[in-house]
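Pulled from TrEMBL:
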- A:20-38: transmembrane segment (TRANSMEM)
- A:86-378: domain 'ABC transmembrane type-1' (DOMAIN)
- A:90-112: transmembrane segment (TRANSMEM)
- A:124-144: transmembrane segment (TRANSMEM)
- A:180-200: transmembrane segment (TRANSMEM)
- A:212-231: transmembrane segment (TRANSMEM)
- A:259-285: transmembrane segment (TRANSMEM)
- A:306-325: transmembrane segment (TRANSMEM)
- A:359-381: transmembrane segment (TRANSMEM)
Amino acid sequence: MAKQNKVSTPFWRDNRIIPIMLQIIFVLIVLIVGGYLINNAIAGLERIGIELGLGFLGSTASFNISESLIDYQPTDTYGRAVMVGVLNTIKVSVIGIILATIIGIFVGIARLSNNWLVQKIAGLYIEIFRNTPLLVQIFIWYFAVFLKFPQVKEAFEIGPMYLSNRGAAIPWFELHSGSLIWSLLFIIGIIAAIIFWKTRLNTQVKTGERKYPFVWAIGSFITALILAFVFTQQGPVDMTYPVLGNFNFEGGHTVTPEFLAILIGLTAYTATYIAEIVRAGILSVSKGQKEAAKALGLKNSTTMRLVVFPQAIRIIIPPVTSQYLNLTKNSSLAVAVGYADLVSVGNTTLNQTGHAVEMILIMILVYLTLSLLTSLFMNIFNKKSQIVER
Amino acid sequence: MNTNLNTDQSLEKTIEPPKSSLGVFGWLKKNLFSNWYNSILTIISVIALFYIVKGVFSFVFISAQWSVISENYRLFMVGQYTKAEIWRVWSCLGVVSLLFGLSAGIWKGTARHMSVLLSVILLIHMLVPFTSGTAKMWLGINIGIVVFGYFLAPFIPKNKIITIAGWFLSFPFTIFLLNGFGVFSTVKTNVWGGLLLTLLISVVAIVVSFPIGILLALGRTSNLPIVKYFCIAYIEIIRGVPLITVFFMAQLMIPLFLPEGLEINNVLRVMIGATLFTAAYMAENVRGGLQSIPSGQFEAAKAIGLNGPQAMTFIIMPQALRAIIPAIVGQSISMFKDTSLVAIVGLIDLLGIAQTVISNPDFLGRQMEVYMYIALLYWVIAYSMSYASRRMEKSLGVGER
């Protein structure tokens with residue numbers, strides 16, 4: 001028996017050897033092609049006189065960045081400039097994700113409304129914004145809308161806000177000595193509200209007596225706020241309002257037109273995708289579920305909140321996650337209107353220093369990290385919302 | 001929408017509910033004013049819609065100066081393509097028109113809708129006053145070709161195979177004719193521009209990325225660990241970075257990786273970047289298709305004596321590709337929209353041309369008109385593609401059992 005097995009297959013037809021051979025060939029091809037390209041690159045870099053390495057991040061950047069979340073001067077290093085870019089990317093992505101989600105959910109529900117007109121308007125909005133390139137939309141917002149606003153002197157006044165070609169001047173807050181107490185009591189209020197809500201609801205479900213969990217939760221939260229006011233004798237923050245100064249607005253907070261253009265562009269574009277996902281998610285909940293909820297005597301709004309939505313959210317989360325990732329990646333289009341995001345700063349840096357390879361690798365790494373972090377958060381959220389099966 | 005309903009209908013004829021006889025007021029009450037908040041919503045929507053429509057109308061018909069479009073029309077369409085050689089572009093359009101006509105004649109349905117759309121667009125361009133005499137002639141010929149193809153199709157033997165082959169061959173033919181490659185005088189790619197360049201980049205990216213995507217998907221699903229992890233790394237890294245960094249990489253790093261003396265012009269570089277980018281997404285689409293095929297298919301193929309590659313080519317792949325047609329169309333649409341990014345790396349595609357036109361001091365402050373116009377162009381093409389894909393999905397019965 002053993003002897004028969006030994007002679008049976010030649011090695012080129014042996015199922016155990018073929019895969020190994022194939023992989024060796026594959027590795028060889030990759031190594032040869034890769035080695036050739038890298039060799040060329042090293043030779044090319046030597047010709048221009050650039051050494052690979054991250055040392056350039058320590059030298060002075062000497063270019064200006066119009067808006068940043070951390071202190072930045074042109075005398076700072078390239079490393080700090082890149083940091084500013086990363087923070088700006090995160091800023092526009094986070095605000096964009098929040099706004100796009102809110103608008104997307106609204107439009108998605110409007111698309112299913114039984115009001116004919118609302119439904120058609122939502123559909124029209126989706127078809128228009130989905131089928132034109134995001135970059136064109138951003139250009140329209142920036143060059144054809146925000147830069148066409150009047151000069152600062154003739155700015156549009158909308159309540160306490162001003163709109164001019166230098167952006168939107170909005171009321172802003174400043175922290176003072178009482179803010180810490182306010183924020184502490186605010187958090188305590190929220191925790192108390194959650195605890196009351198849970199315990200009261202639990203007793204209500206167990207005993208069947210009315211325990212008013214909602215009233216208790218809101219009540220405890222408001223009590224905390226009143227306490228805060230009694231302690232500090234002032235509001236949580238000082239508000240400052242924009243006032244027209246000699247050349248620009250003073251006080252308040254000025255949002256640059258670049259930021260506005262990229263934010264509105266990203267939001268309006270991504271919201272259409274989220275709207276379609278929300279619609280599909282709600283439609284995917286089978287009709288029987290709604291009918292069963294009705295048969296139990298639930299109201300329309302309660303049916304939506306307790307029966308349809310928890311089931312829809314499971315289908316909605318994975319595609320919405322990929323939309324969030326898209327939004328983060330699309331925020332790189334900011335480079336086109338000069339908002340100082342990672343790509344914009346990186347581009348300036350690599351043009352000034354010539355360290356293209358390193359800079360592009362840094363960009364890739366940062367975006368990969370952001371993508372992975374977003375996926376991670378959404379996966380945790382996704383796990384929580386899934387049904388626990390046997 | 002509801003698959004249960006569909007299967008029911010095929011089994012037995014259901015009796016339709018009686019038609020409602022509500023009339024106009026009944027319809028209004030049911031659809032717009034069914035309860036108090038719907039009434040408020042309707043009123044708010046009507047007011048908002050009124051202001052938006054009024055604003056758009058007063059812009060389009062009163063304040064806008066459309067001369068910026070009509071005077072630069074050539075630029076928007078073909079960029080600075082050599083004027084004397086413009087007949088080549090028209091010939092390429094002629095081939096495409098013929099193929100549209102033939103397809104419409106053979107498959108009817110969606111193909112016919114698309115051909116009618118093409119003819120209508122050509123006709124509009126023929127009727128507007130600013131196109132030149134020769135352009136009108138070419139446009140007229142093209143409409144003729146579409147109609148000719150439509151009526152010719154039934155008389156050609158093996159028309160389906162010929163037309164499909166024609167679609168595939170039209171692509172290298174177009175590239176060949178536009179460039180010349182020595183047979184005709186060479187028109188360098190740096191003067192290609194406008195809508196022509198936008199379409200070319202997206203078509204190249206989609207067509208070339210398709211085989212690469214299939215290979216990557218096969219690699220990712222294969223059980224050779226080295227190949228598998230290589231493909232996973234490629235796909236995930238490309239999918240994790242924005243397209244614009246890929247374009248920067250193509251512009252800055254491809255010249256570095258080439259041996260001294262060999263240069264690739266920037267249009268080709270961008271095409272390589274777009275292709276490598278799309279291939280990763282294409283691979284994920286194909287992988288989705290592969291996963292949708294039940295493993296029984298593969299086992300059955302083995303049982304009738306096919307080896308691995310044969311089973312893949314003849315049994316698994318055809319089914320997988322059929323299942324992902326909508327996804328591929330979706331990918332094409334997003335690639336078509338994303339080609340606008342090449343304007344950032346200095347190419348003069350449709351958006352790049354728009355930027356150049358706006359910076360011309362003769363047309364100062366005409367941003368809105370220009371962007372509106374190119375947005376409309378992008379919209380018409382993207383929307384008709386998504387329309388075609390939706391119809392195809394229905395007629396192929398993808399996703400239904």
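Quick reminder: no glycine exception, Cβ is built from N, Cα and C everywhere.
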Report the listed stretch (A:90-112, A:212-231, A:259-285, A:306-325, A:359-381) having the maximum count of Cβ pairs within less than 8 Å of the transmembrane segment (A:180-200).
A:212-231
So, does the transmembrane segment (A:212-231) come close enough to the transmembrane segment (A:90-112) to give 3+ Cβ pairs below 8 Å, pairs being at least 6 apart in sequence?
no
If you count Cβ pairs under 8 Å, which stretch among A:124-144, A:212-231, A:306-325 touches the transmembrane segment (A:259-285) the most?
A:124-144
